[in-house]
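Written below as structure tokens is the structure these notes are about.
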Amino acid sequence: MPAAGEFDPLQSTFKRIHFTSKSFQVVLKGSCHLFVLISVEEENPEFWRSSAQNTLRSALSRKLNSNVAKNIVLFLGDGMGVTTITAARILKGQLQNRSGEETVMNMDTFPFVGLAKVYTVDFQIPDSAATATAYLCGVKTNLNTVGVSAAARNGVCRSQKGNEVTSILKWAKDAGKSVGIVTTTRVQHATPAASYAHSASRTWYSDADLPTSAVTGGCMDIASQLLRNTDIDVIIGGGRKYMTPKGFPDPEYPTDLKAQGQRKDNRNLINEWLSMKEGKVARYVWNKTDFDAVDPEKTDYLMALFEPGDLRFDVERDPSMDPSISETTEKAIRILKKNPKGFFLLVEGGRIDQGHHDSRASMALHEAVALDDAVARGLELTNEEETLTIVTADHSHAFTFNGYPFRGNSILGKSPIFAMDLLPYTTLMYGNGPGHKITNNKRPDIRNVDTTDKDYVQQAAVPLDSETHGGEDVALFARGPMAHLFQGVYEQNYIAHAMAFAACVGTNQEHCAATAEPDKTPFTSIDPGSSAPNTPFGAMTTVMLSITMSVLLH
């Protein structure tokens, strides 16, 4: 065996390392012990050469799928920036008792990858309302507004009139497809709202949230628009209290005043929704027992609202009361796929974002893992030849993966190298947020703190009540018909147009008749400045990019 050495975290030097045949243990001065599992085969250069060649062969054998997308499933990780994806990948592996870094997420298997620029018309760093308007409606807009162009002003009711923009969910419905939304937040929240609502403020959830100027101006709350604007086949998430009259007791928490209905107009939108479906099989459920009893083969419409507001974090979810995002995704697909014309489904892992805002990295990462599990379920239930599946984010967070942790170190753990103040720090931290706690000009000493606890708040550089979003580009993973359109770097609003092009919905359908010709990819100019090629050279570039991105991805 190699000689042993020791590592001093204060001096950042190695003094002793113990090796075994298949792993080694690093012993630190003090009470910190790290166990790192390294496969012996990784020490052999042929391991890496063979792995790279396998990836290269896979990329070279890939053929472009130029079919018309009968179905589109868009998985949206709210706040799931690249750092979150990397950390969630490691967590997913470690939850399976592996080192974690080499783990392959379901989204990692998608052959085409691009980057979307997420700024809004008025801000460098966006919110979920403006970004959802971009990737769903194809138009960039202002912060805090949903389903309206940038001519509308945040919170100004009169400015939204005439500036409404529609989404791909509506385009798909108008084309005869079934449509649905699945979210882990309230169904009136920013991301799902942009698929059906037009509002100068993302926070006008019910009529009780409308300011006097909005009421007199004739603006409608988002919950009301859920019934009025588009006939949505499947609606799954939370948000019961925005649908019922003020003081209406919640069925799950009847004595909780905060869970009671909020509507001032005395409307019960749940009952109204059911009455609107006369002649169809429509089901409303609020618990898992009734949800499990819904037969997709015999159900035309489903509204499932499992909480008064947002759903519980996955690690706190009661499996007997609330289904997982994988289960809700499956139910939605089984109902929607009965339509011979296909479907569009938006699936949002919305509480990734909320975990980050709380600076609770464990919560955020477990939500991202749950979303990736839902991606797997979606792939199992659909056919890649006819279903375009996309996984992306709306924005990132001020979230960093730093220090020099050893291989296999808990992703929620601490760096072995102490800081200049002679105190440890976690490898996951935030640029700002509630984790900024300085006492007597010193950071908290976390040597005896369990940083893997679900409620642990990571340290932050700047004090804020709620951590902020990040402004860097977000990744988009695509597979299925026309997935190659999602390569390169593009504006976030391009996503809606490329999805519509792939599915032959919306206004750009000149290419649809040409899809009957074999071995020809019908590239049509989608919009100025897009990254979709429309020349033979562009087509060749697309192939080369697909190979390059696949190698990089693996």
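For all residues, glycine too, the Cβ spot is worked out from N, Cα and C.
Automatic, uncurated: that is what TrEMBL annotation is.
Noted in TrEMBL for the protein shown:
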- SER128: active site, phosphoserine intermediate (ACT_SITE)
- ASP78, HIS189, THR191, GLU348: Mg(2+) binding site (BINDING)
- ASP78, HIS357, ASP394, HIS395, HIS469: Zn(2+) 2 binding site (BINDING)
- ASP353: Zn(2+) 1 binding site (BINDING)
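Taking the C-alpha atom of ASP353 (Zn(2+) 1 binding site) as reference, the shortest distance to any of the recorded positions ASP78, SER128, HIS189, THR191, ASP394 belongs to ASP78. Ranked by Cα separation from GLU348 (Mg(2+) binding site), the binding-site residues HIS357, ASP394, HIS395 are led by ASP394. Checking Cα-Cα distances from THR191 (Mg(2+) binding site) against the recorded positions (SER128, HIS357, ASP394, HIS395, HIS469) with a 10 Å cut-off leaves SER128, ASP394, in sequence order. The two recorded residues HIS357 (Zn(2+) 2 binding site) and HIS189 (Mg(2+) binding site) have their Cα atoms spaced 16 Å from each other. When the recorded positions SER128, ASP394, HIS395, HIS469 are ranked by how far their Cα is from the Cα of HIS189 (Mg(2+) binding site), SER128 comes first. Shown in sequence order, SER128, THR185, THR191, GLU348, GLY349, GLY350, ARG351, ILE352, ASP353, ALA393, ASP394 are the residues of the chain, 6+ apart in sequence, with a C-beta less than 8 angstroms from the C-beta of ASP78 (Mg(2+) binding site). Cβ neighbour count for THR191 (Mg(2+) binding site) (all protein chains, 10 Å cutoff from its Cβ): 27.
Same-chain residues with CB within 8 A of the center of the ASP78, HIS189, THR191, GLU348 CB atoms, the Mg(2+) site residues themselves not counted, are LEU76, SER128, ALA132, THR183, THR184, THR185, ALA190, PRO192, GLY349, GLY350, ASP353, ASP394.
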